[in-house]
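A.B. asks: Sharing a structure with you now.
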Amino acid sequence: MTPGSGSGPMKDCEYSQISTHSSSSPMESPHKKKKPAPKRKWEVFPGRNKFFCNGRIMMARQTGVFYLTLVLILVTSGLFFAFDCPYLSENITPAIPAIGGILFFFVMGTLLRTSFSDPGVLPRATPDEAADLERQIDIANGSSSGGYRPPPRTKEVIINGQTVKLKYCFTCKIFRPPRASHCSLCDNCVERFDHHCPWVGNCVGKRNYRFFYMFILSLSFLTVFIFAFVITHVILRSQQTGFLNALKDSPASVLEAVVCFFSVWSIVGLSGFHTYLISSNQTTNEDIKGSWSNKRGKENYNPYSYGNIFTNCCAALCGPLSPSLIDRRGFIQPDTPQLAGPSNGITMYGATQSQSNMCDQDQCIQSTKFVLQAAATPLLQSEPSITSEELPLPGKTTISGPCATLTLGQPTPPSSMPNLTSDSGLTDMIPLKEEHEGHQFLTPEEAPSPPGMLPSGSPIIHSHTMHVLSLASQDSLHEDSVRGLVKLSSV
């Protein structure tokens, strides 16, 4: 081969940079498991509520009547703007559809604000808080640890000179603050609970009561407004073409008048009732139960009233809006790991007796494993066989050559086993050397024992032939070693 012919392929070679971040690395799996996204608190909320838009919207589970409310408002207002407003704006004034539009949007805004907001749900107690509360109750009552005593259902606090009882909620594990109550439909304790309104699909409490009141008040004005101008439309048309022809020309006006006629009484009455409650600074729940009297001189006077209608209305409608306490869009924090108990057997604060017992069992198991490993280690014979002349007798105290053949870390089997030192039992258990020529082991009789351990008069096998232990003899030796350890540990 000529030099020129070999240089051609070399010129065509190209070097590519090796990527150290290749996805096909053998150390990295091709399918990496993604970490689960952290959950938000609304996803594990214990109450019976529904959440939308990643927890921004909060409603009760029973929302069927709420949709009926939406349909009635939308259909009635839509028919009014489509069939009545054109005639009224031409014959009376264009301000009628403008005022109707303002009322409609205000009604829809306050309705959605009432339905989609947190009414003032109180967070439930955590297990640690509930246990701490029960411990405080036990200490306050002086109850003994012999029997279980349930916590009391009430506490008494004084508000403006009036004694108010705080009830204990066994569902939320808290003492409810004043004016709070547990809603059985939503399964939540609501601060300043007024009532559960199915028409808005939510509870009415401290955080959405003002929007609920503005909703029913504006809906009352809208209903009266639509009903009044529908009648006006029919009257004007009837003057021109007659009453029957007027009904035929605008059939939608008939439907609007019927809906408004049957709904205006309940809506206006509800608005008047809540106006009375606001003026006296009461809730629907308190008024139904008859908790307080309007007269200041009586014993059960209302401690929350300011004594002035204007001040009560300002406090209910114009006061600062408290923030939500449940933080439904917050992330769930991982649990803090608890410290393990001491493993050295010393009783410390927070360590129970069961933990110390578990530590003792772990130590016993580790010791047993050590003895099993030691018993399973065969005694290798690297020197000539030990004869009866070289074995130490009970009366001798010198240890010579045979002990030097044993390696360090290889314990000798227990010598206090009469069943292994007898002639009859040993000849049945120990086979001849010819059966296992490839291995050389020391028998229990050939292994040296410390002086003074062999009882006087115990027979010693005198043999110049090498014997090895069978598998059955090794298993029995292991079992006897473990039994001896258990006996020693029990002593």
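Indices start at 1 and increase along the chain as displayed.
Glycine residues also receive a Cβ, built from the backbone N, Cα and C atoms like all the rest.
Caution: TrEMBL annotation is automatic and unverified by curators.
Here TrEMBL flags 19-28 as compositional bias 'Low complexity'. Annotated domain 'Palmitoyltransferase DHHC' per TrEMBL: 165-289, in sequence order. Marked as region 'Disordered' by TrEMBL: 1-40. As annotated by TrEMBL, transmembrane segment applies to 65-83, 95-112, 211-235, 255-279.
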A.B. asks: Can you name the far-off residues of the same chain, 6+ from the ends of the transmembrane segment (255-279), with a Cβ under 8 Å from a Cβ of it?
C.D. replies: 72, 76, 79-80, 84, 212-213, 216-217, 219-220, 223-224, 226-227, 230-231, 234, 287, 309, 312-313, 316-317
A.B. asks: For the transmembrane segment (95-112), find every same-chain residue at least 6 residues outside the stretch whose CB is under 8 Å from a CB in it, and list them.
C.D. replies: 69-70, 73, 77, 80-81, 85, 88-89, 200, 211-212, 214-215, 218-219, 221-222, 225-226, 229
A.B. asks: Quick one: average pLDDT across the domain 'Palmitoyltransferase DHHC' (165-289), no decimals.
C.D. replies: 93
